[in-house]
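In what follows, a structure is listed as structure tokens, so that the remarks can point back to it.
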Amino acid sequence: MLIEIPNVFSKEEVNQLREQLDARTWIDGNQTSGVMASTRKRNQQLDKDDPVALQIGELIMARLLAHPLFVSAALPLQFYPPLFNRYQGGETFGYHIDNAIRSTSEGMVRTDLSATLFLSEPDTYQGGELVIQDTYGQQSIKLAAGSLVLYPSTSLHQVTPVTSGERTAAFMWLQSMVRDEGQRRLLFQLDQSIQSLTAQAAPEQELFNLTGVYHNLLRRWSEL
């Protein structure tokens, strides 16, 4: 399941974030790569311990945890804190699958979901599409600055070469309360249906019943 979430940050907020990020020191992006991925990756990143990157990462996580669509789709349990990358001058990241486990200062994170928050407007660079292969085929993603795409970490994906301009983004992984992607999809569809019926003032008893089904399935499938 691939979900696009528009306007996580406003244009003005993105501009403020970019001013801070652009002023930092960017390094070789292979510090987060596995052995296989490192042969396909050419980009730049901020150091994971950069204080500005850490501060903005906290802001991103807080914003996402307060976003109803993100919470409904991801059922987040634990984040691997956001990192920041930049592509320019032909830089690219060939097809790869993200590492299954990431280590943080607080322990291990199983990467159930990957997310990219775009921080460059699509008309300011050529190339740089996030191409994701999933059960519905190949999808090419290039969103407006401030918008985010969320997708299963099991997906084969790449960032195509940036042939002009500059593509800056935040990327992150998270462990979901529900490990299985198919179960997460069913819960998301059910939750979205409940919200839609609520907005349509559906009969109260039917909403109670559906909400009960949702929570009982979540109770059955969640791992905490």
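Start at 1 and count along the chain as shown; that gives each residue its number.
In case you wondered, yes, glycine gets a Cβ from its N, Cα and C as well.
Binding of Fe cation is attributed by Swiss-Prot to H96, D98, and within the candidate set H157, H215 the record adds H157 to that site.
Ranked by Cβ neighbours within 10 A across all protein chains shown, the binding-site residues H96, H157, R167 are led by R167. Every protein chain shown contributes to the tally, and the Cβ of D98 (Fe cation binding site) ends up with 20 other Cβ atoms within 10 Å.
DSSP assignment over the domain 'Fe2OG dioxygenase' (78-176) gives 3 helix, 67 strand, 29 coil.
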